[in-house]
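What TrEMBL lists as domain 'Formyl transferase N-terminal' is 3-179. What TrEMBL records for Gly12, Ser13, Asn14 is N(1)-(5-phospho-beta-D-ribosyl)glycinamide binding site. The annotation (6R)-10-formyltetrahydrofolate binding site is assigned in TrEMBL to Arg62, Asn104. Per TrEMBL, active site, proton donor is recorded for His106. Positions annotated as site 'Raises pKa of active site His' by TrEMBL: Asp142.
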Amino acid sequence: MKSIVILISGRGSNMEAIVNAGIPGARIAAVISNRPDAKGLAFAAARGIPTAVVDHKAFPSREAFDAALAETIDTHGAELVVLAGFMRVLTDAFVRRYEGRLMNIHPSLLPSFPGLHTHQRAIEAGVRAHGATVHFVTPALDCGPVVIQAVVPVLPGDDEDSLSARVLRQEHRIYPQAVRWFVEDRLTVTAQGQVRVRDEAVDEAGWTIPSLDRVPGAGACDSRPS
Ligand code: GAR
């Protein structure tokens, strides 16, 4: 069994999708929130999953918060740490501590639209395709080796709500898939930062393919917003 700790900040629908997937070989060891009022905590508790709150407002610095968060995570012996709508920028020290076993989901086709308000920005940019990305976390914000992406169309008349709902449905599909691959020991990251998925056929006809390459020179990874 691999122990998984899921970090949330709010609704927790991605966490729910991962829990509901019932991934063989995975044990959800804890759900931790940085906000005491995170709605997802109730779902986890109702499922008998240990929950904890590490309230970022109680700490004088990012470093102090991250240290307390890591301590709480480590009490559950996490082999994989899953960021599921966890809306805090993490320090480099925290990211390095969990390197290779820290995953995030971001609501855009990275490296497009890192940061916030991704759906509105996609509409304003006039892109025809949008989506979501699961990636391993590296110190640069919303960057790091791409594990899986899902693509959705941007339709005429879409607003932020309709587009985010379309993307969220795909998030709930790809995040459990990425976690499943990790639990099955099928993911490796090449020296160039590309994820390989062992024994996974690439489906050219579908919207979702395991990512085999990255966009060279795309600037999203160059800097970290302050
Ligand atoms: C999801 O759409 C997730 O991709 C996004 O927050 C939402 C959380 O929803 N994450 C980020 O924007 C991270 N930068 P959820 O709490 O229902 O899973």
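Even glycines carry a Cβ here, placed using N, Cα and C.
What TrEMBL says about a protein is an automatic prediction, not a curated fact.
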Just checking: which of the recorded positions Gly12, Arg62, His106 have a C-beta under 6 Å from ligand 1? Gly12, His106
Gly12, Ser13, Asn14 excluded, remaining Cβ within 8 Å of their centroid (N(1)-(5-phospho-beta-D-ribosyl)glycinamide): Ile8, Arg11, Met15, Glu16, Ala17, Gly40, Ala84, Gly85, His172
Which one is it: of the binding-site residues Ser13, Asn14, Asn104, which Cβ has the fewest other Cβ atoms within 10 Å in this structure? Ser13
Local Cβ density at Asp142 (site 'Raises pKa of active site His') - other Cβ atoms counted within 10 Å: 24
Listed in sequence order, the residues of the same chain lying six or more positions from Gly12 (N(1)-(5-phospho-beta-D-ribosyl)glycinamide binding site) whose CB sits under 8 Å from its CB are Val31, Ala38, Lys39, Gly40, Leu41, Phe43, Ala44, Ala84, Gly85
Can you tell which of Arg62, His106 has the least company, meaning the fewest other C-beta atoms within 10 angstroms of its C-beta, among these recorded positions? Arg62
Between Arg62 ((6R)-10-formyltetrahydrofolate binding site) and Asp142 (site 'Raises pKa of active site His'), how many Å separate their Cα atoms? 18
For Asn104 ((6R)-10-formyltetrahydrofolate binding site), what is the secondary structure by DSSP, using just helix, strand and coil? strand
Given Asn104 ((6R)-10-formyltetrahydrofolate binding site) and Asn14 (N(1)-(5-phospho-beta-D-ribosyl)glycinamide binding site), what distance in Å do their CA atoms have, once rounded to a whole number? 11
